[in-house]
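Pasting the relevant annotations from Swiss-Prot:
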- Gly79, 82-83, Ser87, 89-92, 107-115, Ala119: 5-phospho-alpha-D-ribose 1-diphosphate binding site (BINDING)
- Gly79, Asn110: anthranilate 1 binding site (BINDING)
- Ser91, Glu225: Mg(2+) 1 binding site (BINDING)
- Arg165: anthranilate 2 binding site (BINDING)
- Asp224, Glu225: Mg(2+) 2 binding site (BINDING)
Amino acid sequence: MIETAIAQLTNQENLDFTMSQQVITEIMKGQATDAQIGSFLTALAIKKATIDEIAGAATAMRSQALPFKVKRPTLEIVGTGGDRSNSFNISTTTALVVAAAGVPVTKHGNRAASSKSGAADVLEALGIKIDLTPAQSLALLERTNFAFMYAREYHQAMRFVAPARQQIKIPTIFNILGPLANPAHAEMQLLGVYRQALMAPLAEVLTRLGVKHAMVVHSRDGLDEISAAAPTDVIVINHGQQVTRILTPEQFGLTRCDHAALIGGSAQVNAAITRAVLTGEPGAPRDVVLMNAAAALHIAKPQLDLAAAFELAQQTIDQGAAAAKLAQLIQSSQAVMAS
């Protein structure tokens with residue numbers, strides 16, 4: 001199958017959903033050589049992946065992941081990465097605030113790729129255990145409204161792809177598949193993308209994957225987040241219907257910050273920023289987290305408009321619930337790991 005796909009791609013012919021799904025499944029079962037995988041990924045990158053190709057590949061990745069069977073709809077807050085902004089861990093900090101506000105969050109992530117600190121790195125630096133089994137993570141979700149699925153453990157078949165990706169050293173379809181391959185099949189999602197051209201295709205892919213409520217965002221200062229330093233382009237998804245809008249800090253009553261104020265560093269540095277935000281320290285990191293938390297809460301609770309969702313995010317931090325959530329997660333993750 002992969003040989004046929006390579007031939008099609010080199011002729012600039014698109015793959016349909018089924019063929020894309022079959023090829024990625026073949027790759028992730030170890031049935032393709034490194035040379036074949038490298039050729040396939042390079043040819044697809046040159047042609048540029050279509051919605052069918054991305055959706056098929058994401059479906060294959062989901063099917064090969066360790067199962068994580070949730071009992072209720074959950075929310076994912078994630079960025080594609082690759083924006084080269086070196087911002088602190090905005091999505092992860094936002095996820096903790098949203099969980100503290102009562103929304104079940106299933107965060108899927110990894111260690112750093114293009115940044116100095118990935119979601120796994122900063123959660124570990126905060127004292128949260130990340131290497132939990134699915135059963136332990138499900139128990140943590142029930143206790144705390146938050147679970148982290150470490151991509152390396154849930155997508156073990158990615159080991160078949162790693163050598164070819166390292167050898168060809170170019171961005172491939174796998175750079176955008178991670179945020180689409182949440183093992184919990186989250187029905188709600190705040191998805192940040194590193195390039196504006198990816199917004200519309202990935203919005204369509206989310207709908208095909210069964211996501212009911214979502215926002216796909218890209219800020220004009222290049223973040224794969226909603227930015228407190230620039231306007232952010234947004235596609236809102238509600239049961240397959242899409243609406244585009246622009247969000248600015250001023251709409252939330254905030255003063256626009258300099259992009260430099262959002263830059264982080266190592267996992268330890270970013271963990272300190274996260275703690276400061278969760279304990280109510282004012283400044284640009286708090287502002288950007290509040291904006292993203294407002295969007296996420298609006299996705300999860302559509303009855304709240306953005307202004308009400310922003311107020312809920314503020315209350316969650318200022319009344320101590322966010323800091324308490326972090327303390328609970330540290331204690332509970334250690335407890336479930338020991339059980």
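For all residues, glycine too, the Cβ spot is worked out from N, Cα and C.
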Measuring Cα to Cα, tell me the gap between Glu225 (Mg(2+) 1 binding site) and Gly79 (5-phospho-alpha-D-ribose 1-diphosphate binding site) in whole angstrom.
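Each residue's Cα considered, Glu225 (Mg(2+) 1 binding site) and Gly79 (5-phospho-alpha-D-ribose 1-diphosphate binding site) end up 7 Å apart.
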May I ask for the distance between Asn110 (anthranilate 1 binding site) and the residue listed as 'anthranilate 2 binding site', taken between their Cα atoms and rounded to an integer number of Å?
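Between the alpha carbons of Asn110 (anthranilate 1 binding site) and the residue listed as 'anthranilate 2 binding site' there are 16 Å.
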Which residue, out of the binding-site residues Ser91, Asn110, shows the minimum number of other Cβ atoms inside 10 Å of its Cβ in this structure?
Asn110
So, three-state DSSP: helix, strand or coil for Asn110 (anthranilate 1 binding site)?
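Asn110 (anthranilate 1 binding site) sits in coil per DSSP, no helix or strand.
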Going by C-alpha distance, which of the binding-site residues Gly79, Ser87, Ser91, Arg111, Arg165 is nearest to Asp224 (Mg(2+) 2 binding site)?
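The answer is Gly79.
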Cα of Gly79 (5-phospho-alpha-D-ribose 1-diphosphate binding site) to Cα of Arg165 (anthranilate 2 binding site): how many Å, rounded?
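That separation, Cα to Cα, works out to 20 Å.
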